[in-house]
Amino acid sequence: MGNKQTIFTDEQLDAYQDCTFFTRKEILRIHGRYHELAPHLVPMDYTNEPDVTLPLALIVNMPELKENPFKNRIVESFSEDGLGNQSFNDFVDMFSVLSEMAPRELKAIYAFKIYDFNTDNYICKEDLEKTLNKLTKEELSAEEVNLVCEKSIVEADLDGDNKLSFADFENMIARAPDFLSTFHIRI
Amino acid sequence: MGKPYGSMPRKKVPRGEEGSAMDFAILWDFGGYAQYSVLFYGYYNSQRAIGWLKFRMPLSYFLVGVGTVAYSYMVVIRTMARNANEEGGGDDTSFNFSWKIFTSWDYLIGNPETADNKFASITTSFKESIVEEQESHKDENIHLTRFLRVLANFLVLCCLAGSGYLIYFVVRRSQKFALEGLESYGWWERNEVNMVMSLLGMFCPMLFDVISALENYHPRIALQWQLGRIFALFLGNLYTFIIALMDEINLKREEEEVVKFNMTIWEASLYNGTLAANVTAAPITVDPADVPRGPCWETMVGQEFVRLIVSDTMTTYITLLIGDFLRAIFVRFLNYCWCWDLEYGFPSYSEFDVSGNVLGLIFNQGMIWMGAFYAPCLPALNVLRLHVSMYLQCWAVMSCNVPQERVFKASGSNNFYMAMLLVILFLSTLPAIYTIVSIPPSFDCGPFSGKNRMFDVIQETLQSDFPTWFGKVFSYASNPGLILPFILLMV
């Protein structure tokens, strides 16, 4: 299996292997997926590092993300501009953190970002309400939502500011039995 | 290896029973040809070494019996330790709502139908948690609740005492029948003990379920109480059964004394008038079927256990067919012409009873552990039965059962079931060990015949098969003064 690919230089592939949890083959495959999202926008030759980003709307239609209620927040959290426009680096980063090889601490960091809807580095009550409504497709009544969010803050808030900082969130998620198995996307 | 069927008295059906030895009824009861087969203890010969490889049969019989128990202990304890590690302290409910919010969505879902199902199940799960939360804030009437719980426990104790007495009574009756000869009684009298035990095992748990409605516990706690009570019921039944068995063993041993005495007379009659007093006679060939037999209490014990397990299996299958399958057919087809909705009201489809089935498996295993020393092929038979059970129950669940209504996280009970298994292992090996240590084996059947105690085989092996210095070392090492500090060190 010689170096027949012309998409990346060897240094680039090595760098990708260092920064993500993927192997060479997987990185090339992911590039293939990125390319087929917009074949006329994404060049096959990445050796001179083109500055190409794909908009949120294209990425969110991938089969892996389509049914996820948090798809918009996921793509936004892994984009540099925070609006969901992802370069290939952001794209591969996203799937790397969500793969099963990523450690718990790293996943917790990004999970916090995803559930923080107003990006103020705290998960406040409104963020919780939005999360809950996305999870239940707004089937719960307003008082039920209120009750659940308040209970959650009471459970997890350690510093008493009525919102969850990253430390609170990490402390709570560290002991969750299902976190690693549910916060996982396979590409 | 080992002598074939028919070559020795213990390996052949006695002359008197030959006529009926192939009858299905006798075989189903594990008499006749089934009794004189490798299935039971009595068939094995006590010859010290067999064949050109000098296989130590009695020693291996003993060591295999002890070894399987030791191995079972190791496996169960190791599984418990592994479970304890993974759960990290068991049922943690400290972040219930937070975990539900942040970890209930499965990011791997890509199918729209699956996603819809998941949304629905998440919503249900939240609603349930909310209801639980609200209930826990309700003010309860403590005194009434306590009184009801005490009353419920009292009723349960009455139930357990009643069932214990019933079994004792039935066992006494069956001994009376046995003394008068079983031929004069019908099928029910012959199988009374087993049927009563199986029926009690079927109906008492339902009764406990009804009584527990008085107690008003959280479902997880109610489940543990229920399991504890069923456990006590089965344990009581099993031990009453064993005590009755002990009585029978003593009876058989007295019979044995009589038979031994008669044997000397019979042997004398063989040589009747054919030789003078002090001459060692040439052995007269007697057909093994004609030799009078001692009652082999070990085989009797093995037979009782095998019969118990067979009747337990039959009861399970019949309950399954009638309770689940026929009920499902009834509900499905008679629903068209019935006044009220059979599927939603009474009786509706039966729920899959996880705890009941797990308990059944655990007790089945307990009975195997108890009987395996006296019926060596019992584990093999059980493997067969487990395979059949698995397919049958799989089919029954898929076609007749609905899932339980109250969905709660019972997976924290993994170690609970393992703990029960450990207790059963301990309690079921106790009777076998007691009989090994305290009762002398039968004189004419089994691998330990002729010895004073079964574990003498180890002493014998040490003396004859190992070099003499080893025996001396061992006798020094088995000094209690050395063993006790060693045990304390291990603890």
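Cβ coordinates are placed from backbone N, Cα and C, and glycine is handled just like the others.
Database features, via TrEMBL:
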type	residues	note
TRANSMEM	B:21-44	transmembrane segment
TRANSMEM	B:59-77	transmembrane segment
TRANSMEM	B:150-171	transmembrane segment
TRANSMEM	B:195-214	transmembrane segment
TRANSMEM	B:226-246	transmembrane segment
DOMAIN	B:296-411	domain 'TMC'
TRANSMEM	B:358-381	transmembrane segment
TRANSMEM	B:416-437	transmembrane segment
TRANSMEM	B:473-490	transmembrane segment
The domain 'TMC' (B:296-411), counted residue by residue under DSSP: helix, strand, coil: 84 helix, 2 strand, 30 coil
The transmembrane segment (B:150-171) touching the transmembrane segment (B:416-437) per 3+ Cβ pairs under 8 Å rule: no
Confidence summary for the domain 'TMC' (B:296-411), mean pLDDT rounded: 83
Beyond the flanks of the transmembrane segment (B:150-171) by at least 6 residues, Cβ under 8 Å: 192-193, 196-197, 200, 204, 207-208, 211-212, 214-215, 229, 232-233, 236-237, 240-241, 243-244
Recorded stretches the transmembrane segment (B:195-214) and the transmembrane segment (B:59-77) touching, at least 3 CB pairs under 8 Å: no
Intrachain neighbours beyond the transmembrane segment (B:226-246), with Cβ under 8 angstroms and 6 or more residues off its ends: 156, 159-160, 163-164, 167-168, 171-172, 174-175, 193, 197, 200-201, 204-205, 208-209, 212, 301, 304, 308, 355-356, 359, 363, 366-367, 370, 416, 420, 427-428, 431
Distant-in-sequence neighbours of the transmembrane segment (B:21-44), which means Cβ under 8 A and at least six residues beyond its ends: 2, 5, 10-13, 57-58, 61, 190, 296, 298-299, 301-303, 306-307, 373-378, 442, 445-447
